[in-house]
Amino acid sequence: MATTGDDTLTITASDYIQHHLTNAKMCSTDGGIAFNYACQDAGFWTWHIDSLLFSVGLGVLFLWLFYKVGQKATIGVPGKLQCFVEMCVEGVDKIVKDSFHGKNAVIAPLGLTIFVWVFLMNLMDLIPVDFVPEAAKRLLGVPYLKIVPTTDLNVTLGLALSVFVLIVFYSIKVKGFSGFTKELTMQPFNHWALIPINFVLETVTLIAKPISLSLRLFGNLYAGELIFILIALMPWWAQFALSVPWAIFHILVIVLQAFIFMMLTIVYLSMAHEDH
């Protein structure tokens, strides 16, 4: 059993878990704009405003931070923040040079943006599960708030679909529309009679890229968040004994998932630039 902040209302463990895994919603109804409970039957046209707020906010923070560091960069002894930024930039640049075999000045900045942005969104998972939602409830009257954008499939799928659009765009740009069509219809079996089979296989392969990207990131972060929530349901001594080791291990997951998303994006775009 779990209790609310004022200890006057007891809720079940399933209620507690469901509450922490529910997004703050906004939707349009006949009466105007509605929020949360009123959006239960709104269907597809429901905005997860907490995911939007934190993902956009962290993106702006990333841009502002790197811009400020770039302005104050010195050729002398760099500070800790400048060292971190330089390490990120040089590391991603090296990965792009090793993995991307085409010529495109966009890929390295794109890879850096994806890595840092996804990392920052993942990093929100280390904030205690009750801290921000409880503060928002008490100060703003917000009943639901999920602060980890990458535990929302809408966010991870949106990122992956953006990568998918770039894959198709550069495939057509480099190979031409006829070359892209030929790639979908004449591989892996180079015979006109097998064009339908080739088209099905290649289309499934192409569509599987954004789906696998989004589900991998979402699944790992959602599972990690769920474990933190389950730990929060335990007695205080068990919370302390389990939350610290899990948080330390989860740091690896946070970094690794950001790296994998970036790395696969670079590889997919490299494949799109290969003109057979």
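Cβ atoms here come from the backbone N, Cα and C positions, even for glycine.
Among the features that Swiss-Prot reports, transmembrane segment is placed at 47-67, 107-127, 152-172, 188-208, 226-246, 247-267, with the record citing sequence analysis.
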**Complete:** Ranked by Cβ pairs within a distance under 8 Å of the transmembrane segment (188-208), the first of 47-67, 152-172, 226-246 is 152-172
**Asked** Which one of these stretches, 47-67, 107-127, 226-246, 247-267, has the most C-beta pairs shorter than 8 Å to the transmembrane segment (152-172)?
**Response** 47-67
**Fill in**
Same-chain residues at least 6 beyond the ends of the transmembrane segment (107-127) with a Cβ under 8 Å from one of its Cβ atoms are 54-55, 58-59, 61-62, 66, 88-89, 92-93, 95-96, 100, 147-151, 155, 159, 166, 217, 221, 224-225, 228, 247, 250-251, 253-255, 257-259, 261-262, 265-266, 269
**Message:** Cβ under 8 Å, sequence separation of at least 6 from the ends of the transmembrane segment (247-267): give me the contacting residues as numbers and ranges.
**Reply:** 92, 95-96, 99-100, 107, 110-111, 114-116, 118-119, 122-123, 125-126, 150, 159, 163, 209, 213, 216-217, 220-221, 224, 228
